[in-house]
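Asker: Feature table excerpt (TrEMBL):
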- A:34-56: transmembrane segment (TRANSMEM)
- A:70-120: domain 'NADH-Ubiquinone oxidoreductase (complex I) chain 5 N-terminal' (DOMAIN)
- A:76-104: transmembrane segment (TRANSMEM)
- A:116-137: transmembrane segment (TRANSMEM)
- A:136-417: domain 'NADH:quinone oxidoreductase/Mrp antiporter transmembrane' (DOMAIN)
- A:143-161: transmembrane segment (TRANSMEM)
- A:173-193: transmembrane segment (TRANSMEM)
- A:213-231: transmembrane segment (TRANSMEM)
- A:279-304: transmembrane segment (TRANSMEM)
- A:316-337: transmembrane segment (TRANSMEM)
- A:343-364: transmembrane segment (TRANSMEM)
- A:376-397: transmembrane segment (TRANSMEM)
- A:409-432: transmembrane segment (TRANSMEM)
- A:453-473: transmembrane segment (TRANSMEM)
Amino acid sequence: MLAYLLLLVPTPPLAGFVLLALDPYRLDRRAVRAAALVAGCAPLVVMAPMALAHLTKFWGDQIAPIFTLHVGNYEVALAVGLDTLSAVTALTVTFVSACVLIYALDYMSGARNADLRRFFALMNLFQAGMLSMVLAADSITFFLGWELMGLCSFFLISYNMTSPRAFAAGQKAFVITRIADAALLAGLLLLFLEAGSVRLAELIPAGAALDTARGPLIAALLLVGAMGKSAQFPFHTWLPTAMAGPTPVSALLHSATMVAAGAVLLARFAPVLAANDSVAAATAVAGVVTALFGAASAVAQTDVKRLLAYSSISQIGYMLVAVGVGVPAVAMAHFVVHALFKSLLFMASGVLAHAGAGGTSIAALRGTARRAPISFAAFAAGAASLAGLPLVTAGWWSKEAILASAFEAGWLGLGVWAVGLTAAALTAVYAFRPVFTALRAPETETPRGRESWLAVGPLVVLAVLALAGGLGVKPLTELLGGHPPHPALWVELAGAAAALLGIAGSAAVTFLPALAGRVARARRLRAGLQMDARYYALLVRPYRRFVRRLSGGRGEWVTRVVAPGRGTEGVERELEGAVRHARQPEGATSDPVGQATVVLGLWVWRALLLPFSPDRMDMAWMQGARGIGRAAERARRLQTGRVRDYALALALGLAALLLIGWGMTWR
Amino acid sequence: MALIAQLLLPFFGGFAALLAARTGRDRERWVAIAAMAATLAALAAGVALGDDGRWLAFYRADWAPSFGIQVLLAMDGLTAAMLAISSGLGIISVFISWHVTHRSALFHAAICWTVAAANGVFLSFDLLIFAFFWELMIVPAFLLIALWGHGDREAAAIKFLVFNAVAGLGLLAAVFWMGATSDPVTFDAFALAETEYSETAQILLLLGFALAFMVKLPVPPFHAWLPDAHTQAPTAGSILLAGLLLKTGAYGLFRFPPMLFPDALMALAGWGMALGAFGVVYGGILACGQTDAKRLVAYTSVAHMSIVLMGVCGGVHFALIGAGVEMIAHAFSSSALFLLIGALQHRTGTRDLRELGGLQKTAPAFATSFALFFAAALAMPGTANFLGEALVITGMFQVNWVFAAIALVSLVVSVVYATRLIGGIAFGAPKPAVENAPDLHRYELWPIAILGLCALVFGLFPQLLIGWLWTAVEAALQPLIVVQP
């Protein structure tokens with residue numbers, strides 16, 4: 001029965017969403033903030049004891065059935081459940097989202113009440129979606145949460161509803177992730193049909209045991225789904241533009257939790273991937289390519305938020321590498337650590353941007369180290385963790401575990417390791433660029449600003465965890481059922497060297513004008529190898545053109561087809577009226593198939609009409625009528641008007657009558 | 001008796017509304033509401049007192065015995081759901097048409113008669129009576145478009161009339177053929193289902209039935225009447241068209257071809273699914289190209305109803321139940337969208353997405369409602385629309401993965417047109433047309449709330465809907481399973 005407490009985890013944010021979205025009590029600002037805070041932090045309060053009880057082996061795996069659907073012979077049993085993976089991910093999500101919500105109370109304090117309500121309502125809905133996804137014990141609840149996150153992501157990216165740019169960014173994110181979601185849905189449905197159950201505990205072993213062609217297909221579809229949501233190359237283009245959303249949104253959705261959900265998905269379905277070597281290898285390759293690509297693009301960024309976005313892309317690439325080489329536990333450890341330091345980086349950069357010259361460009365950060373020292377320190381801690389500063393940061397431990405696991409995974413793994421190491425060095429380069437820039441003397445001296453404790457409190461907590469959390473990486477990996485690798489010393493030293501070299505390179509890029517200029521000129525890299533423009537040219541524009549061609553104009557072509565100026569006058573007039581129906585009405589667009597049907601109908605109509613035009617039946621009647629007229633004409637000539645003619649006729653008639661009378665009496 | 005009431009109450013309610021209009025202001029509205037509320041109550045009673053077997057309620061009486069014509073009414077879960085939707089949408093149509101004053105009595109009578117005729121379609125199992133109601137339904141809908149529509153309403157009304165009347169001929173011809181060749185003469189669908197027809201005859205008869213249903217559904221290429229009719233119709237007309245008339249096509253497709261011509265249906269199922277798949281993509285793409293909000297939603301109807309065709313032709317449990325769920329979900333979501341767009345047009349005088357925008361700032365409740373049905377239109381899990389589509393797609397995977405893949409493409413396209421719609425209406429800086437638009441009125445809010453609740457409740461607790469439709473699905477599948485290898 002205690003398992004049903006799990007339902008209490010996503011419920012409070014859902015209730016918060018309903019309360020804030022419908023707003024039946026006309027809440028004022030304070031009440032909105034209070035409701036959002038309570039609804040957003042309650043999951044942590046409920047989840048923490050349960051997760052700890054489970055992780056300390058005090059409480060076993062739990063399943064709380066919600067309800068069961070019966071479709072023919074199939075049973076679709078919805079449930080939430082608690083196992084190690086869901087305990088770790090749910091704890092991370094609840095914790096990070098509580099931190100971000102507290103931070104948002106301060107960050108969003110300038111918004112109008114209605115906007116504030118909308119913001120927190122969507123944040124709460126997002127929490128509910130993410131939590132139902134990580135706690136799901138069946139594929140339907142999983143997908144429900146997955147899609148709910150996408151919906152919230154769309155609305156939160158375009159939170160600034162008057163900005164066309166924000167809307168376009170949200171739309172782009174929604175469409176690209178939906179493409180991947182369609183693949184995921186296909187994979188989940190196929191898996192369901194194969195396994196005959198939606199329960200993950202039955203689904204995943206059944207998927208792993210498949211030995212038909214469907215096995216790799218399902219694994220590949222799941223991989224595509226994960227890559228879309230996690231903005232992995234080549235689906236990555238939506239994430240940098242998604243930074244149009246407010247900073248708390250970027251901190252929660254587009255770095256720590258939602259974007260990393262792809263890694264959670266793959267960790268969840270790791271047995272299915274492991275059963276299909278080719279797909280597992282593809283996962284590792286896709287991950288490491290993305291890691292390198294994201295890190296290289298991040299180096300060239302001039303905007304902190306975009307830099308961090310590319311960084312998320314790259315870091316989740318590492319998680320995919322870990323799943324691909326068969327150590328999902330390590331991937332999840334990195335998921336936890338990444339959630340901590342990436343949300344920290346985003347939130348701290350938000351404070352620094354407010355303290356700086358305004359705007360989110362890296363150059364504007366100059367001098368903020370002195371103006372907002374606590375936030376700067378927190379940011380530096382996050383950057384150190386991201387860069388993998390050896391030994392003292394959590395990021396080092398988790399990333400090193402991934403690289404070492406790859407190193408131990410055969411020839412392909414060796415290649416992956418080498419590329420991953422390069423990416424790690426680049427990571428250090430970009431991670432420290434904002435830090436060093438913030439340290440530089442400002443162009444104009446301004447006094448130290450006030451740092452609100454609401455904003456700084458979560459930063460400090462997260463900063464401590466981003467550094468000290470390294471102690472927990474190994475135990476966490478073991479808890480998740482993985483074995484932390486024991487690489488040779490030189491492998492570890494190579495990792496450490498990469499990070500330190502990277503930091504040195506970062507200093508060089510920041511302080512040496514020649515190098516800084518080269519980075520500033522790397523436009524192609526900054527635009528993420530211009531994949532965006534390529535997609536636009538290859539997919540979006542052709543699609544729009546196609547739509548426009550299909551529905552452009554008002555379908556005037558129909559007029560030319562229907563009334564080419566032939567036929568008798570009557571038909572012509574008949575058809576002129578009909579053309580009105582074939583052509584689209586005012587304000588409508590062309591609809592070729594529909595209009596073709598109308599044209600076809602009109603042709604049939606004309607074919608039926610022509611034999612009757614002129615109407616031959618009518619002509620026959622008229623002919624008869626004319627005949628009668630002619631007969632009357634002749635009969636009229638009898639009317640001469642002369643008395644002798646009439647007397648003659650009278651006499652003849654009388655004679656005839658007498659003759660008839662005589663004839664009738666004659667026997 | 002409850003079944004007869006479904007026909008007579010709204011029918012005579014219409015005449016009562018005509019008469020009541022003379023006695024005082026707004027009387028006709030309340031009479032229409034009372035008639036349809038009574039219909040709904042009768043339905044509730046009928047369901048509550050219903051039997052457990054194949055039918056909840058059954059009624060059979062001779063009408064013209066020498067011609068074998070009977071009054072043969074039967075109600076199962078599917079019928080009951082459609083009847084509830086029909087009366088419910090009728091009531092909603094009256095409430096949101098409070099601003100209609102031009103020939104108001106006839107307007108409300110037409111609403112009642114549309115409901116009555118649609119109820120007749122949903123209930124009748126005597127094919128001649130079914131065909132009669134099928135044709136009858138066109139008349140009040142034609143009046144609604146032609147008399148109270150916008151813009152080029154006569155042309156739209158004539159287009160609606162011609163398409164549906166011509167398609168109805170196919171149904172009529174098939175019904176007459178079946179009646180004439182039966183011995184003794186009967187139009188009883190259950191009796192005719194036992195008749196053995198030759199393969200060619202079955203296919204021809206099926207094509208006759210399918211023509212009527214596919215035009216009403218509508219599936220491309222027979223959809224040309226729908227966008228015009230929707231755009232030129234008054235709001236109530238759009239709601240009844242989307243929520244009711246299209247559903248008669250879906251219902252007919254669901255009910256009769258599997259029952260009467262299982263062999264022919266299975267023989268032509270591939271073509272049907274292909275046509276459905278084409279309709280899904282074509283409707284979706286054209287929806288992306290629209291600037292008129294109502295036309296956009298009309299084309300999404302084409303896409304969604306094509307999914308129903310796919311589901312029915314799928315001939316497996318998942319596909320068929322998916323088709324049933326989809327048609328009910330679509331009744332909620334599309335009629336709500338038409339309601340909202342109609343209300344917007346009433347306020348701003350335009351439906352052009354380029355002239356609208358910024359509703360979030362000026363009318364937040366309006367925008368929130370749009371967001372809800374936006375989610376339903378793009379088949380967000382948790383709404384009944386997703387349930388329907390996911391079930392159909394599952395069924396398609398069992399039958400032919402190509403069609404499943406095409407249906408999945410529609411999930412992506414739906415995001416494009418749905419974001420276009422909400423982007424044009426709720427997002428952006430308030431345009432001049434929207435600036436002084438008042439927020440949703442109470443009479444608009446509660447229909448929206450009810451439709452939204454239906455979409456969500458059935459999406460979150462699908463067993464309610466699936467259990468309700470299950471007997472109908474089983475009955476439709478039984479003959480098909482015998483046919484399938």
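Each Cβ is built from the backbone N, Cα and C atoms, and glycine gets one as well.
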Asker: What mean pLDDT does the predicted model reach across the domain 'NADH-Ubiquinone oxidoreductase (complex I) chain 5 N-terminal' (A:70-120)?
Answerer: 89
Asker: What stretch in A:34-56, A:279-304, A:343-364, A:376-397 has the biggest tally of Cβ pairs under 8 Å against the transmembrane segment (A:316-337)?
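Answerer: So the stretch in question is A:279-304.
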Asker: Can you tell me which of A:173-193, A:213-231, A:279-304, A:343-364, A:376-397 gets the most C-beta pairs within less than 8 Å of the transmembrane segment (A:409-432)?
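Answerer: Stretch with maximum Cβ contacts: A:279-304.
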Asker: For the transmembrane segment (A:376-397) against the transmembrane segment (A:453-473), do we get 3 or more Cβ-Cβ pairs below 8 Å once near-sequence pairs (under 6 apart) are dropped?
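Answerer: As far as Cβ distances go (cut-off 8 Å, pairs 6 or more apart), the transmembrane segment (A:376-397) and the transmembrane segment (A:453-473) touch.
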Asker: Sequence-remote contacts (6 or more beyond its ends) of the transmembrane segment (A:279-304), Cβ cut-off under 8 Å?
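Answerer: For the transmembrane segment (A:279-304), the nonlocal Cβ contacts are 216, 219-220, 223, 227, 232-233, 236, 243, 266, 273, 310-326, 349, 352-353, 360-363, 365, 406, 409, 412-413, 416, 419-420, 422-424, 426-427, 429-430, 433-434, 509, 519-520, 522-523, 525-526, 528-529.
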